[in-house]
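Q: Residues annotated as transmembrane segment in TrEMBL: A:30-51, A:71-97, A:117-137, A:157-173, A:185-205, A:241-259, A:280-298, A:355-381, A:444-463. Per TrEMBL, the feature domain 'Translocon Sec61/SecY plug' maps to A:38-72.
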């Protein structure tokens with residue numbers, strides 16, 4: 001029994017969004033998804049009450065692109081706590097420390113409860129240092145609400161309550177989309193954030209905006225060095241012109257869409273119905289790009305810790321030296337992921353570090369992303385029932401078999417074991433490498449490589465899901481085949 | 001055709017948070033409409049208080 005018995009009364013009572021009874025029509029699903037999306041955008045525009053807008057710096061920094069939410073709004077924590085809670089669950093579940101069998105209904109309830117409890121704890125743990133430590137969210141000195149006058153501690157408490165409620169609200173918004181809508185809320189929020197940045201990166205009427213800066217170049221308002229000398233070309237491609245960023249962005253799109261179609265297909269035939277054939281695809285990015293967000297979140301939390309340590313107590317030089325809120329040397333500098341060209345082009349004036357320091361940082365970033373990508377992909381496959389054992393069971397249950405092999409779960413599992421682990425590791429490592437490369441070359445609107453990878457692959461998944469929904473809508477018989485009621 | 005995949009119906013795309021079909025009868029059920037209503041109300045409340053403060 002152990003922890004399960006002790007925790008059961010709490011975990012089974014966690015509030016949950018009601019499940020729809022019976023089939024939800026596709027249009028209704030779209031409406032729920034759109035409703036949540038509108039609410040999400042609305043909330044990102046509601047500024048925190050009691051926040052001193054002037055000098056605040058975003059603790060998430062560059063990680064904001066993938067952690068969604070909006071700095072200084074009610075959705076300050078974004079999906080950070082949900083991702084962190086998911087990491088903890090992945091590690092516990094992947095190493096089987098929990099002893100939960102996700103096929104058992106009782107354990108499923110416990111798993112869901114634990115998941116929710118972890119998110120609540122993580123939201124508090126993220127919000128507390130944000131509000132109470134350092135100057136990440138500077139508060140107004142005093143605030144009077146009607147007759148009630150609050151001192152700065154009171155305002156801090158008020159800030160904490162708002163951020164905490166926002167974090168929990170995101171969790172339930174995700175649940176509504178997962179149960180009543182299309183795809184998942186988390187995916188939706190990531191796409192929303194990344195797309196917003198991408199559109200702003202193209203259309204913004206400032207130096208950041210791609211079209212704006214090209215308008216400036218073409219009308220001669222930007223001073224260019226002569227192109228023949230190379231310096232002008234550098235400006236066009238790398239700095240003002242952003243051609244390199246555009247190329248990287250388009251390339252990532254193309255690579256992800258292409259990689260989605262790279263697969264090993266395991267032939268299947270029906271055991272009883274002659275001629276009924278099928279294929280089980282093991283995709284190259286089998287575990288999808290999602291494990292990547294977990295690696296990035298680990299890095300984000302390390303940086304988060306560094307920022308807090310630095311602002312609260314300071315730290316020895318070998319651990320980290322900070323300048324303008326960014327680590328410039330020491331341990332926290334080396335483990336910080338690279339986010340833009342300005343951070344690694346060591347022959348330019350923007351980089352104050354030595355070339356070998358930059359190289360070490362790049363090396364660590366690549367190692368973490370490739371290694372971490374592979375490891376989290378393995379955990380992901382295990383915990384989401386995409387592993388050899390689970391898929392073999394699924395194939396067996398649907399009455400299919402691999403032609404030329406005995407119809408037996410163990411045999412199917414053996415065949416699956418030849419492909420799934422290898423493909424998972426290669427895919428995870430590849431996606432990690434791609435993310436680092438994209439960051440180093442830069443992307444339009446600085447959406448970051450990981451952000452772009454996530455957005456494209458989630459959109460692709462969403463498209464597949466919508467296609468499936470529509471097919472089921474047109475042919476109600478298909479619902480049985482897809483195993484849904 | 002591709003009957004082998006998609007059976008089970010547990011996998012939702014990009015689900016960092018997993019939801020299973022089974023639910024405990026003790027659990028507090030929330031209507032999805034109340035989630036949206038609560039979100040809108042919180043947003044409006046904060047906005048309103050910012051206005052009057």
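Note that the numbers count up from 1, one per residue, in the order the chain is shown.
Backbone N, Cα and C define each Cβ position, glycine as well.
In TrEMBL, annotation is done automatically, which means it is predicted and not curated.
Can you walk me through where each of these features ends up in the structure?
A: Residues 24, 69-70, 72-76, 137-140, 143, 150, 155-156, 158-159, 162-163, 166, 169, 173, 176-177, 180-183, 185, 188-189, 192 of the same chain, all 6+ positions outside the transmembrane segment (A:30-51), place their C-beta atoms under 8 angstroms from a C-beta of that stretch.
Counting residues per DSSP class in helix, strand and coil order gives 14 helix, 2 strand, 19 coil for the domain 'Translocon Sec61/SecY plug' (A:38-72).
Here the transmembrane segment (A:157-173) has Cβ contacts under 8 Å with residues 17, 36, 39-40, 43, 48-51, 69, 73-79, 81-82, 116, 119-120, 123-124, 126-128, 130-132, 137, 139, 143, 150, 185, 189 of the same chain, all six or more residues outside its ends.
Here the transmembrane segment (A:185-205) has long-range neighbours at 33, 36-37, 40-41, 64-66, 68-69, 78-79, 82-83, 170, 173-178, 211-212, 249, 293, 443-447, 451-452, 454-455, 458-459, 461-462, meaning same-chain residues at least 6 beyond its ends whose C-beta is under 8 angstroms from one of its own.
If one looks beyond the transmembrane segment (A:241-259) by at least 6 residues along the same chain, the residues whose Cβ comes under 8 Å of a Cβ in the stretch are 198, 210, 213-214, 217, 235, 283-285, 289, 427, 430, 434, 438, 441-444, 447, 449, 452-453, 456-457, 460.
Under 8 Å from some Cβ of the transmembrane segment (A:280-298) lie the Cβ atoms of residues 63, 66-67, 80, 83-84, 86-87, 90, 190, 256, 259-260, 262-266, 268, 337, 368-369, 372-373, 376-381, 386, 391, 395, 416, 419-420, 423-424, 426-428, 430-432, 435, 450, 453-454, 457-458, 461, all in the same chain and six or more residues away from its ends.
Nonlocal intrachain contacts for the transmembrane segment (A:444-463), taken as residues 6+ away from its ends with a CB within less than 8 angstroms of a stretch CB, comprise 62, 65-66, 182-183, 187, 190-191, 193-195, 197-202, 204, 208, 210, 242, 245-246, 248-249, 252-253, 256-257, 260, 285, 288-290, 292-293, 296, 339-340, 431, 434-438.
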